[in-house]
Amino acid sequence: MGFCLNFWFRSVLCKTLECRGAHYLFMLSLGHMCGQSAVDNQPWDYLGHFSRIVGGSPVEKGAYPWQVSLKRREKHFCGGTIISAQWVITAAHCVLDMKTFLNVTAGEHDMNVVEQGEQTLSVDTIVRHPYFTLRKPMNYDIALLKMNGTFKFGRFVGPVCLPKQGETFEPGFICTTAGWGRLEENGHLPQVLHQVDLPILTKRKCAAMLLTLKRPIKGNTLLCAGFPDGGKDACQGDSGGSLMCRNKHGAWTLAGVTSWGMGCARSWRHNCQKIASYRGTPGVFTDLTKVLPWVHNTIEIGQRMKSSVALCSDQDGQLSGPEGQLRFPRHPQQFYGSDELCVWTVHVIGQMHIWLNFSHLDVEFEEFCRQDSLSVYSLEDRLIGKFCGVVVPSPIFISSSSVRLKFVSDATEYGTGFALTYKALKPKHSPDFGCIAITVLFEEGIIQSLHYPDVYTNLISCRWIIHAPEDHIIKLEFQSFELEESDGCLSDSVTVYDDVEGKEEIARYCGFAVPPPGLSSSSAMLISFQADESRVFRGFQAQRMSLNFLQLAMAQYTKNTRNKAELELWILSTLHC
């Protein structure tokens, strides 16, 4: 699978049972223990393995019974790893699209032959890690697949072990990765399963190597393995497979999920002396120890998912009063159903404004929340925010006495929904309220950084959502501006967006020059102020105002031109300058 800068990804599918015991081995059905190879006839020497390297060779059938092939329309595209009879682990980048036509084959060895012991199942549920994002696809590159049905364990199909809590494989330890990926960069795919042995690198060496790339890579879950001179590595088609190590009892244990690399088996020694396009990296894997709690929790939830499902249509409707709460489903251990569409309207008394405070969110994650989501709207159906995943949203202050909440779900994944409280607040609020909560404003006025005109504090994040009346645009006019200056405004900055979701950036400002006025192209605008941990200054103050777009255009048209084409050009230049 390709990626910009010749990155290639390696994805892994995993299914997990959480086992607790003295040796943390999975005692599965049919008396099957995890991490046992059908062809491993040599006695295991825990210390001697450090000096034994076997790489780039085909393996016997049954050597790694947990290795599976992800196939779409019967064609292999990624690998995966069995962790229980119903769960497989893979890389998140392998399962970005829907599960249509996705099957998982266990007991696979020779891709060109239908062999004894092969088992193929379709996928019931795909669960990508909630922190995985296309903006940083190398970080948290892991997903869990729940099968439709269960694998039958035997000589050629069985689970790998998961590491127990606190178990690690130290730098220098030789581990093994296997797959049906290319045998050389841009080469052909092999017919049978291959393996290669690679040493684990230190975290420091791994981070240093990834910083030598033209676009440096950082992440919290990266695990590197390989040789400085190259020659041995995973390659395209191995994505999603396993980096497996022998634990002290000799059982094969999943240490990482094959993720990506620069080229295949390139040397990364003296990287800085090479042209950027010729630089290499070690093999990069998702460190399983960093995501193990998520794996266990996801599987535990998945086991009881279908036994406790609630419908939001049983409880949606009107909510009113000075304060209250909304939890859906009503009970923390329940799951929401599929194909839901439910709406709650919250109304507080008089001319009070609304404070929403979230305490729980567990909704199927997708980068743009296009599948399951909780959306917040004004009564005029103007979007305030759209949420999914497991990261609890910041509080929201809405300068209105009514708000509408809409929850939708599809038929793929499930979660335990959301919980929030609402409260009526007096309309008066300070211009820096956006640094306390996401502040939604419908009237003209002032916004400013925290504590202005005194210096703002470190490590703050402020957001204001501005809504103008229909057929109006928004003008943001800065009156003063003092922020830390940096290249690309990567330290402290004010960013203005042309939408409430922060996708369409108008401009980003920092430094000491007062920015020019900013204009939206619609009746909505998002202003974001971010400060890092370094220097602080007085910040900014800005006037927000709405302009009647039609009147503005017609006045300019009457004054300056009788030509419709010129008017259209003027409108475009006004909106985007």
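Note that Cβ sites are derived from N, Cα and C of the backbone, with glycine treated the same way.
On a predicted model such as this, the values are computed, not experimentally measured, just so you know.
Per TrEMBL, the disulphide partner of C462 among C435, C489 is C435. When other Cβ atoms within 10 Å of the Cβ of C435 (disulfide bond) are tallied across all protein chains shown, the result is 24. For C462 (disulfide bond), the same-chain residues lying six or more positions away in sequence with a CB closer than 8 A to its CB are D432, G434, C435, S449, L450, S528, F529, Q530.
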